[in-house]
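Colleague: The domain 'Kinesin motor' annotation in TrEMBL covers 1-319. What TrEMBL lists as ATP binding site is G43, Q44, T45, G46, T47, G48, K49, T50.
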Amino acid sequence: QLSHRLDKVFGEDASQSEVFEWVTPAVADVARRGVHATIFAYGQTGTGKTHTMMGDIGEGGLGDRAGIIPRAAAALFETLGAGAAAMSIVRSTVHCSYMQIYGDRVMDMLADGRSGSLAVRETPFSGARGSSKSIFVQGLSEYQVTSAGDVLSLVARGDAARATRATDHNAQSSRSHAILQLALEVESVETGDDAKQSWRLVDLAGSEKWSDSATHDKALASELRAINKSLSALGNCIAALADLATQQQGAAQAEGGRVQSRGSLRSHVPYRDSTLTRLLQDALGGGTRAVVIATASAAASASDETNSTLAFAQRATRV
């Protein structure tokens, strides 16, 4: 019998609101404290990643089955509105982008017409914490949004362009990693300066074993290879970061509590092994709030995949 130590466990009867309440601090930090945040769902195909992230939106507002994305968008604009009403926020703007990684290629899900592959770039910048690098997608479209409804309209538009396919586990399985990005610029009374932060919500394609159908379907086989390669790269990055955190903790104990920076420790994190990990490099590498939601099946036939998912989640708690 295997066991895993995680920050929080939800049963199959947990409501969408219960899950969202647990991730609410990450949402609030984006608007109030000027930090970057990333929330992503990871797990086997058919275990509820898209349901958890998006869910179902009721008519006339958020329903009980609404997922993290619609709830978070509503909470974000509510927080910005409250700040403006209390006059602690002078001005705020929000821009929305939506992309998918399909076959290790980045595509704009909101582009007018058919989107080609976009390039992932790295730009250096200097700030109060020293020099660093920021990852961005060149040519990705942005739309200014003023409400949660605006965000959800763009998501619905983008989802119509998302790559899906029927699989053994799901009648309409996502065959790409979808990343919704909200870029905020907030001018506060306290500082008088513009604070820029971003918030990414990621619905990963499902991990999946090689099947008989993949053997005879070249397109499916290509998709499966690309998905598994990128998820494997993500797992390798999480494992390397967990090892780095262990080194950092050991070094701090040896030096009387003084924590060394990650750059001073020896460890290679293979961000460049896939487009997915390149885009998530800022979220995984520190200095941001990151929430990993692992979805798993209770079926005995899925025990291997479930154990793999939970092992991934446990490693993520050490980062």
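From the backbone N, Cα and C atoms, a Cβ is placed for every residue, glycine too.
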Colleague: What's the number of neighbouring CB atoms sitting within 10 A of the CB on K49 (ATP binding site)?
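Modeller: Other Cβ atoms within 10 Å of K49 (ATP binding site): 26.
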Colleague: Looking only at the domain 'Kinesin motor' (1-319), report the model's average pLDDT.
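Modeller: Residues in the domain 'Kinesin motor' (1-319) carry a mean pLDDT of 84 in this prediction.
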Colleague: Under 8 Å between C-beta atoms and at least six apart in sequence, can you list the same-chain neighbours of T50 (ATP binding site), or say none if there are none?
Modeller: A41, G67, S174, D203
Colleague: Please list residues from the chain of T47 (ATP binding site) whose Cβ is under 8 angstroms from its Cβ, counting only those at least six apart in sequence.
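Modeller: Those within reach of T47 (ATP binding site), by Cβ under 8 Å and sequence separation of 6 or more, are G206, T295, A296, S297, T309.
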Colleague: According to DSSP, does T47 (ATP binding site) sit in a helix, a strand, or coil?
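Modeller: It is coil.
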Colleague: Which one, from the binding-site residues G43, G46, has the smallest tally of other C-beta atoms lying within 10 Å of its C-beta?
Modeller: G46
Colleague: What count of other C-beta atoms do you get within 10 angstroms of the C-beta of T45 (ATP binding site), across all chains shown?
Modeller: 22
Colleague: In sequence order, what residues of the same chain, 6+ apart, have a Cβ less than 8 Å from the Cβ of G48 (ATP binding site)?
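Modeller: Same-chain residues close to G48 (ATP binding site) (Cβ under 8 Å, separated by 6 or more) are T295.
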